[in-house]
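Worksheet for the structure shown next.
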Amino acid sequence: MPRSGPRSEEPAAGSDGWSRPLLGASRREWHSPGPPAPPSPRLSSGSPVNAKSHFSELQSPTLTAPAPFADETSCQCQAPHEKLTIAQARLGTPVDRPVRVYADGIFDLFHAGHARALMQAKTLFPNSYLLVGVCSDDLTHKFKGFTVMNETERYEALRHCRYVDEVIRDAPWTLTPEFLEKHKIDFVAHDDIPYSSAGSDDVYKHIKEAGMFVPTQRTEGISTSDIITRIVRDYDVYARRNLQRGYTAKELNVSFISEKKYRFQNHVDKMKEKVKNVEEKSKEFVYKVEEKSHDLIQKWEEKSREFIGNFLELFGPDGAWKQMFQERSGRMLQAFSPRQSPNSSPTRGRSPSRSPSPPWVINKASPPSSPKAASASLSSMSEGDEDEK
């Protein structure tokens, strides 16, 4: 792929008839001279790509500077410029020079849609050199309208696009044969929608009839007009934004009243933002409190169930306390109630049918019910003793 060489006072003529500047500070670093590079593998026409061409593509130069301006280069054709057909160009011919493709436009607020169109123009053919024409401010304001960026800013934006090999300043609105011959243009790349301007239904009509037009595809959803529409639609938002960033009302071309209104709105927005932050923090705090409260209530319920269970186990109808009380009551009754003597105890001098207990033996099974009964029992025992004597 031919490269735009560095600018020098004395250009050196190459074997292909093109005068190129000598090596120096260039946009791309040059490799050692050799045979013409094979077609690039970035092919839009579906041509086969071999390993050799892929290796050559890997050896492509590195961008080190912006693209040069056409009026600052000494690139002039010394050999006859043969006319090419699109079919020939897509086959990679001629091998001794690149296919020179031209794309023009205003390129105001340079965006991705512009870059994609230039990428398509650059990759139309295996070996191409892309020239980009940019119209001046005077011409643009006359035929299209006012621009956001001035011509110098638009020129520089194009110079730093990776697909551009050369920038033509003050490009014509309508392409003339003299302009095409001067820059040795083989093909013109643009979207195929008829472009009506300057009293013509399509400014590219004569280019299409000459077989030099190659169409590209527009990128939907983005254009300079769309970007400007967004800014105009949200004008107040951007005016307030720039006031916050330190721009003055004079720089923004807004009145004193509008400035005060925008600044008041900025203060209101700040207050709303603070309130919103406080609300969010409050919600977060309440959520944490609720979460902790839920945990505390859950733990309290667990402890309550455990306490109630332990209480019922001790003091319930079948609890351990009742059993222990019954056991102790039984022991106390046994302690206060002695055991009764057995009925089959041996007797002396008594008939088997009647076996009265000795008078001195107290009947354990029936203790005296009162003090009088006890004294009567003792007196009877004494009388018995006297009789035996």
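Note: Cβ is positioned from N, Cα and C throughout, glycine not excepted.
Taken from TrEMBL as is:
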REGION    1-56  region 'Disordered'
COMPBIAS  1-10  compositional bias 'Basic and acidic residues'
DOMAIN    102-230  domain 'Cytidyltransferase-like'
REGION    335-389  region 'Disordered'
COMPBIAS  341-354  compositional bias 'Low complexity'
COMPBIAS  365-382  compositional bias 'Low complexity'
- line: The average per-residue pLDDT within the domain 'Cytidyltransferase-like' (102-230) comes out at 94
Query: Under the DSSP assignment, what numbers of helix, strand and coil residues are found in the domain 'Cytidyltransferase-like' (102-230)?
result: 45 helix, 26 strand, 58 coil
